[in-house]
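J.: Under the heading active site, proton donor, TrEMBL lists 31. Among the features that TrEMBL reports, domain 'NADP-dependent oxidoreductase' is placed at 5-61, 78-233. Residues or ranges marked as site 'Lowers pKa of active site Tyr' in TrEMBL: 60.
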């Protein structure tokens, strides 16, 4: 579950998610709610719902490789990755990965002289209108897990996104499949990713949506269904900060 939600709702959302069965919590310094997330996790450990080792929490170092960063280069990235490896050696983190990396950037790390740990995951925008097929194939070939954010194409800030772009969850094919399985278009879009071997982040903060998203494990799409959803790819990005 992705926790970029209002502070006032964050703590309760995390507790509900853990109670429902979520164990992967995606956070970031920029979300400005790390304290609330931490309190919720500690409370659910204290009441016996989970153990700390059951929870996989992701944090992020912000902005070091934005497209506007003039220092971004193979040398800079390799130095930064060496620092991340040192964090793992020091026991500060269990795993290290990347976000919004393309194949070329991943290869910079993988070809780093003296590489100790390769990225365990690469978190990118990914949904039926941007299925990231080539990047997914590359990541699988390197045993790197692809993690999908904006999996429902829900990021449509009018300051950045052309409001005439199609709404993913109104797509006729997704809606036809939703009717076929008596599920929501959102669940069909999430299930599509799981069957491709993609880890999905679902940003929710109401109990109803948190519980509904967990029903993604209750059905399975056919090979024909998967091909139909594959055909929806338009290389369409909703997130304004990536590209």
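Cβ coordinates are placed from backbone N, Cα and C, and glycine is handled just like the others.
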J.: Let's see if you can do this one: DSSP helix, strand and coil counts over the domain 'NADP-dependent oxidoreductase' (5-61), in that order.
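T.: Helix, strand and coil residues of the domain 'NADP-dependent oxidoreductase' (5-61) number 33 helix, 6 strand, 18 coil.
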J.: Can you check how the pLDDT averages out over the domain 'NADP-dependent oxidoreductase' (78-233)?
T.: 94
J.: In whole Å, note down how far the CA of residue 60 (site 'Lowers pKa of active site Tyr') lies from the CA of the residue listed as 'active site, proton donor'.
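T.: With the alpha carbons as reference points, the distance is 10 Å.
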J.: Give the sequence-ordered list of residues that share a chain with residue 60 (site 'Lowers pKa of active site Tyr'), lie 6 or more positions from it, and have CB atoms under 8 Å from its CB.
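T.: Counting only residues 6 or more apart in sequence, the Cβ neighbours of residue 60 (site 'Lowers pKa of active site Tyr') under 8 Å are 27, 28, 29, 30, 99.
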